[in-house]
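Engineer: Could you have a look at this structure, given as structure tokens, before my questions?
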Amino acid sequence: MSDLWRRCLERLEGELSAEDLHTWLMPLQARDDADGLQLYAPNPYTLDAVRDRYLPQIEAVLTLLKGHSLAVRLEVGSSAIAAAHARPMPGSRPVAAVEPPPVNFNHNLDPHYTFETFVEGKSNQLGKAAAMQVAQNPGRAYNPLLLYGGTGLGKTHLMHAAGNLMREHNPNCKVLYLRSEQFVGSMIEALRTKSMDEFKRRFRSVDALLIDDIQFFAGKDTTQEEFFHTFNALFESKQQIILTCDRYPKEVDKLEPRLKSRLGWGLSVAIEPPDFETRAAILLAKAHEKGVAVSENVAMLLAKRIRSNVRDLEGALNTLAARANFYGKPITTDFAEETLRDLLATHAQAVTVPNIQKIVADYFSVRLQDLLSKRRVRSLARPRQIAMALSKELTEHSLPEIGEAFGGRDHTTVLHACRTIRKLCETDTRMRQDWEQLIRTLTG
Ligand SMILES: Nc1ncnc2c1ncn2[C@@H]1O[C@H](COP(=O)(O)OP(=O)(O)OP(=O)(O)O)[C@@H](O)[C@H]1O
């Protein structure tokens, strides 16, 4: 890889999400010479995305690195092919067009996404265990492995961790990671250039195929058809398939029933939003990884206030680190409060007690006024307890304040509700699912 491009990617790591980096920028190949930097995209789809979304940032970083602006050229192709063309063999005929490059199977896993850097908690324990088993026994443990759950909860991370571990055990293992849009893009390109045989061959020659966010296949019939055949071919020859989806696939509209049924052949595991302790532990681990000095108090402050997902937590940490670096200040809780005031306010605003009451009432199909009434029938009492426990978990209000908001109840009633619901979440799967779903709705 061009040294300049490697340094540019390192810089961009701090500015773009890991996901954007490994989806769009890591698959690029680069060559730099006196005329500037030449970037080769594997297909026109990637080229368009890079040009439209990232080019200005790439140019800015290059200017920083070189101390002057630099021409960046983008085209579909490969640096290896271009280099070969640039040095024609004596007597060889010039080649008119750059051929489409082979997909580089082993270069699109993010090396930072490993099991070691993944913090385990109740919410992701099963997913991690399943991904590890698949990595240790590809094609045989669970096939396919499907990780599903809300955005920014670590599905992509686990998927890459499994791929990285497979390659650690067997460096020759061909692992191909793709976002579902890239699968669609490659297929459209193959259809356009009438190279479907080549497309099929590529996707079927891997040891493990990792496809992220398959909910994007919904409504794309040709893609689903092709994916279905790819799936069958891989499955039959015991090649591993790992997929992620933003919800349980059976709930994705416009996904073909036969595909849904295939997805059910292996293991589907939910990745839930992490609890407070796991959020704080993730933050401390991320800070350590990035070499940012963050105290437990700061980690707890952020974990308490940002509950939506890990990506948001990480974003807050990046902002803090950048500001602290800029001002040359340590990251104290005051500094964090001050720097992230707007962000924390947005997160705080989203979850209010009236908001919780309304969403819980809708979820259990009860009337809001009944939820707040003194009636004790079970069909109302349980949703009411859940709403109280959610208010304690998701807002800063005290027990007496919450009691007051629920029709003037005593704070001991709220405390009892919190304890009951916590216990039920541990023993009753249905209860746990309702709880997680409500948290997702309220904080997503
Ligand atoms: N348990 C965890 N330990 C360490 N890092 C985590 C954990 N969970 C999530 N992350 C980090 O949070 C960020 C977002 O995670 P990731 O991209 O894997 O989410 P996702 O579930 O695939 O989301 P999406 O559906 O939006 O693609 C990543 O940087 C990832 O490393």
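Cβ coordinates are placed from backbone N, Cα and C, and glycine is handled just like the others.
Unlike curated records, TrEMBL annotations are generated automatically.
When I checked TrEMBL for this same protein, it listed these features:
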{"type": "REGION", "residues": "1-82", "note": "region 'Domain I, interacts with DnaA modulators'"}
{"type": "REGION", "residues": "108-324", "note": "region 'Domain III, AAA+ region'"}
{"type": "DOMAIN", "residues": "141-272", "note": "domain 'AAA+ ATPase'"}
{"type": "BINDING", "residues": "G152, G154, K155, T156", "note": "ATP binding site"}
{"type": "REGION", "residues": "325-444", "note": "region 'Domain IV, binds dsDNA'"}
{"type": "DOMAIN", "residues": "352-421", "note": "domain 'Chromosomal replication initiator DnaA C-terminal'"}
Engineer: Under DSSP, is G154 (ATP binding site) part of a helix or a strand, or is it coil?
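Structural biologist: Where G154 (ATP binding site) sits, the three-state DSSP reduction gives coil.
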Engineer: Compute the centroid of the Cβ atoms of G152, G154, K155, T156, then list the same-chain residues not in that set whose Cβ lies within 8 Å of it, in sequence order, for the ATP site.
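Structural biologist: After dropping the recorded site residues, what remains is G149, T151, L153, H157, L158, T244, I271, V310, R311.
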Engineer: Counting other Cβ atoms within 10 Å of each residue's Cβ, which of the binding-site residues G152, G154, K155, T156 comes out lowest?
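Structural biologist: Comparing Cβ neighbour counts within 10 Å for the binding-site residues G152, G154, K155, T156 gives G152.
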Engineer: Restricting to the domain 'AAA+ ATPase' (141-272), report the mean pLDDT as a whole number.
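Structural biologist: Over the domain 'AAA+ ATPase' (141-272), the predicted model scores a mean pLDDT of 92.
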Engineer: Taking DSSP states H, G and I as helix and E and B as strand, how many residues of the domain 'Chromosomal replication initiator DnaA C-terminal' (352-421) are helix, strand and coil?
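Structural biologist: So the counts come to 50 helix, 0 strand, 20 coil.
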